[in-house]
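Trainee: Structure below; questions to follow.
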């Protein structure tokens, strides 16, 4: 067989009968396997030595030839060739079938390839193949068509009438004949002609048929090969038979399946020889067809063939499928030698790059190295005795072990390996005992703890492997998280506590002067004598100046690198991490690692000296709690009475109650924390643990000492009975019972969601695994715009954080001097980002993977910085896999998050008013305002309030000597004018100058506040507003419909009992009128308000509660109906993970919103078509047609007659459908939307993921285009094609003077995109294995082995990192004794450790 390294690509095709014979070494004629007495294979049976090769090395079946001397001799007596027994793994046989059978993959798969070629349905095919109906092959003059089905009677009728001219057949024979008669070229031409004549493609089946025909034409496959005359028999070692103790045999299911085929085939041969009646022969042929079906794909048949114990037998297809199949079990994941696993324990004495390796394990893992060393030192004469010495554990073995292990890195892995930091390399340090010792600071990366976790250890053997392990995987190279570039080695728990204690400060007594010291030694001496404590405030002479600090902080600062600014503040875990990141940035990884070890030592030491413990006395309940709970009870009572009077609905009451308790809980938490902070002078152990970030969170402590709060039901609904006790006071029985709900949900969720997150990661890896950095610069002109992320006016992500690690796509220009500060393609480091921010930019254009035009993978400039090392990415970096891991890994983390808070619900307090936290000026109020009875201005439709920050304001006469002009941008601290008194006036923050009406203003950014219908506005245009002044008030629980005129109400298409339900509340006797869905009737529910000649109509959606009766009088601004907003479910990644999933899978949401297809004016027609309302959009351009929009009756329409909409505006309520965004707004809008939405979910959980990782995945989802017009290209309409392949083909066609194809971009979800990759190996190993392989075989696909997965499957080195193609062509020059004369092969062979080579010789 060929070596697995001497090919670049693999093609898969249908096998012709000749090809199957070529593979075969002989025909299997008997169903026998082995002789049960001699246990030797039967001749001509399924294990026959003559066909498949000898079972014993260098020995024939009868024993005439025994020795390697006779290699290649074929025994004249038994016919067996003398050779290796290994050939039984590769030699195939065959079975000559007495009648052709159809291959199940090609007729039973959806869509059936055979059916498409013959233009028959699967059922029609089945009835021919299973001998139920005849198919016409040559109709003669009968007037019937070829391929039509007829029954037995008709067949005989036609035969009598037309004689031999009329040909029809039954069974696979007939199908084979039909397939052989197909002229693929002519048929394909005919269909293309048909499509062009039809103009628009109506029939999808025609297109599918064309695709299959052209696949056969281009691949060189013949259609009749889908029907088999010969069945190949796979090598016997791949379907083994083994003897169990007790003399029984275990055998592979395939042998049973082959046996059935051979039995039936032999029986059929006998029947044909005996010229048996047709009906018997047909039955046997049908059974043969079923036997072959079962052999190839047993699970696809309705009634699978069962073996012992009623278990379906595993067919060839089942061997490949699923997690236990060949692909995932044996090709993508293998067990490896030189590995071991053991429990881990903490190793506080280790350095960052070390791990403790138990001597017992080391002895076994390094065995060959030890044996070689023993022989080298003449401690053993040969390998065999060295082996005995090692097994006897002699004293000298341990001396040698120390030497062998020294500087030989090993890899540690903790399952589940969710990201690349789950495997890291360390230098082993030999330890006693049986547990592996792990450095405490690497735990976070492995997500390991010491409660019984196990880790696996692997030894890299060859020098090359050791070198890579050393250079790339050693733990000091992995101190940053590849997902975001933050340190992942930060201290946790005890260490944090120790550092916080060391750097905190006791309040100094007033009036007592500070003790002074002249240097660090004096301070140490004073501590030892007990004169000062670590946390006492002192003054000390340090680095040339007097400092007020504490001894603890002085000690901490000694471990920081030289020249680092003095840290004079208490350090929590976040602060410590910030310092680590800063040191990494300024001093590089080497200094950082040394500092980490020092932090570990300090932390442990001072945590031990501080020795905090928690007693029940430390959990202090705030004295104000009783009052707060009392107030809350009163408010709940008030809400109840409002409900009983009918002022509010039950749903509103429920929401109010939940909000009251949420607010109360927050207040209690606050007062409790204040109480804890005061306790013990700020050193209450519970408080310190939370404040330092060592253990526990505000949420958890609130449950210990505040109140447990609201709990959620398993459905995610919040129970309105709040738990008023905490764990310190103890819960009542009822409270305890309510608690169990949430706690149990937490545990169940954890189990389920972990699997979900794992599956999400698997799909992400599959779609993005072939994205590898392939070149330096793809030369694209495209780019994306990145800016500050804000929520309201709070900056969530600064510009510096967002653009960090990217390349600029345009020159960055100083707006004041107009000079280029940073040219295009500058890498944005922290400094560059800061400078850009200081120039006043709030967004800039940067290169992005989304717009990269590399043919394979992405380029360095579009990708930017490698977040794990903060240097530009290098060619060969597998950025796709890193992206997938970065998104998937937190998914799993987050799923486990619910578990720790114990199911306590976290609801958001609903805001009732719009306000901003700064002084502002109202620039505009967009929307329709009407004045109600109380003279308030009310929005009758959706609108917005535009407010601009007012930074400073002066009268112009108060200023002299203006330094700026109207409209100019100014920076913070920039001089804008001087006062008459000569004082300088500077800008307090970046802004824009605005001078008019005698006023000089510096204005900040505009904020647009969207406002819903029914909002009451408290401000006017040009008003100046104060911080937190209510600008507008609204009902947080309901959307409302408002009358715009005074008049009389008329119900239209609203009928009680049909589409209006009368709900009576039993507790209050209040009556609610609720609009319900009406399926059968064409009702268009509306409320009209009539006033004299004018009339306004308002559409009423499903679930609305009607507030007015037919004939009521209403005033402008009155509420006609309310729509309750959905109750807040608990906000948790349980909501989040499915959201990420649906975004990446590009699922269409259930109630998708409708987007305006064009700019224009709305006309609501009032027509109802198929339970949908019809609207029209009239474009501005009168030449264009009006656009028809249909909206389900039940949905609330956001627009009114005569409103102007822009392309892409939402016309009704609902969720955005990504496919609609792509169609209406284009690719860029969709990319931005997807990245933003995914980030939103993770940000809510406080998880940082760099945008570029999400962009890499989104890029893969948008790789395909859909052909709308094939032009002169080889594409078929409606075919999905890779964008790059499409562009190449179009270039080719244009160069030849043809007309190019046209296409639209399409969005594919993860699963679809993975199954549509160019590589069939990658797709087949992902999902739907048989379908992928069927398709690939027919198309004669070639896999160019570009991605990682397909290379792992084949057994090649992956084309990433040091395996990148460009590195393969490098020869190594050695300046030693002329060894460049030797060919490279010899070099390779020498790399095997000597001991292993010798050991294998010794065994032979």
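Cβ atoms are placed via backbone N, Cα and C, with glycine included.
Annotations per Swiss-Prot:
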type	residues	note
BINDING	60, 62, 75, 78	Zn(2+) 1 binding site
BINDING	449, 451, 453	Mg(2+) binding site
BINDING	778, 852, 859, 862	Zn(2+) 2 binding site
COMPBIAS	1384-1404	compositional bias 'Acidic residues'
REGION	1380-1404	region 'Disordered'
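Could you tell me the structural context for the features on the list?
Mentor: In the three-state DSSP reading, residue 75 (Zn(2+) 1 binding site) counts as coil.
Cβ neighbours of residue 449 (Mg(2+) binding site) (same chain, under 8 Å, six or more residues apart in sequence): 443. Following the DSSP three-state reduction, the secondary structure of residue 449 (Mg(2+) binding site) is coil.
Residue 859 (Zn(2+) 2 binding site) falls within a strand when secondary structure is assigned with DSSP. Counted within 10 Å of its Cβ, the other Cβ atoms near residue 859 (Zn(2+) 2 binding site) come to 22, all protein chains included.
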Trainee: Just give me the nearest neighbour of residue 862 (Zn(2+) 2 binding site) among the binding-site residues 60, 75, 453, Cα to Cα.
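Mentor: Of all the candidates listed, 453 is nearest in space.
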Trainee: Within 10 Å of the Cβ of residue 78 (Zn(2+) 1 binding site), how many other Cβ atoms are there?
Mentor: 16
Trainee: Once 449, 451, 453 are set aside, which residues in the chain still have Cβ within 8 Å of the Cβ centroid of the Mg(2+) site?
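Mentor: Here the nearby residues are 344, 448, 450, 452.
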Trainee: Let me make sure I understand the structure: which of the binding-site residues listed (451, 453) has the fewest other Cβ atoms within 10 A of its Cβ?
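Mentor: Checked 451, 453; of these binding-site residues, fewest Cβ neighbours within 10 Å: 451.
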Trainee: Look up residue 62 (Zn(2+) 1 binding site) in the DSSP assignment and report helix, strand or coil.
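Mentor: For residue 62 (Zn(2+) 1 binding site) - judged by DSSP and reduced to three states - the answer is coil.
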Trainee: Where does residue 778 (Zn(2+) 2 binding site) sit in the DSSP three-state scheme?
Mentor: coil
Trainee: Pop the Cα-Cα gap between residue 78 (Zn(2+) 1 binding site) and residue 859 (Zn(2+) 2 binding site) into the table, whole Å please.
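Mentor: Roughly 63 Å, rounded to the nearest whole number.
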Trainee: Considering Cα atoms only, can you say which of 451, 453, 778, 852 is the nearest neighbour of residue 75 (Zn(2+) 1 binding site) among these binding-site residues?
Mentor: 453
Trainee: Which of the three DSSP-derived classes (helix, strand, coil) applies to residue 852 (Zn(2+) 2 binding site)?
Mentor: coil
Trainee: Cα of residue 60 (Zn(2+) 1 binding site) to Cα of residue 451 (Mg(2+) binding site): how many Å, rounded?
Mentor: 58
Trainee: In sequence order, which same-chain residues at least six apart have a C-beta under 8 angstroms from residue 778 (Zn(2+) 2 binding site)?
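Mentor: Residues satisfying the criterion: 852, 853, 854, 858, 859, 861, 862.
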Trainee: Name the residues of the same chain, 6+ apart in sequence, whose Cβ is under 8 Å from the Cβ of residue 62 (Zn(2+) 1 binding site)?
Mentor: 75, 77, 78, 80
Trainee: Out of 60, 75, 852, 862, which has the highest number of nearby Cβ atoms, where nearby means within 10 Å of its Cβ, if these are the binding-site residues?
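Mentor: Selected residue: 862.
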Trainee: For the recorded Zn(2+) 1 site formed by 60, 62, 75, 78, which further same-chain residues have Cβ atoms within 8 Å of the site's Cβ center?
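Mentor: Everything else in range on the chain: 61, 63, 64, 65, 76, 77, 79, 80.
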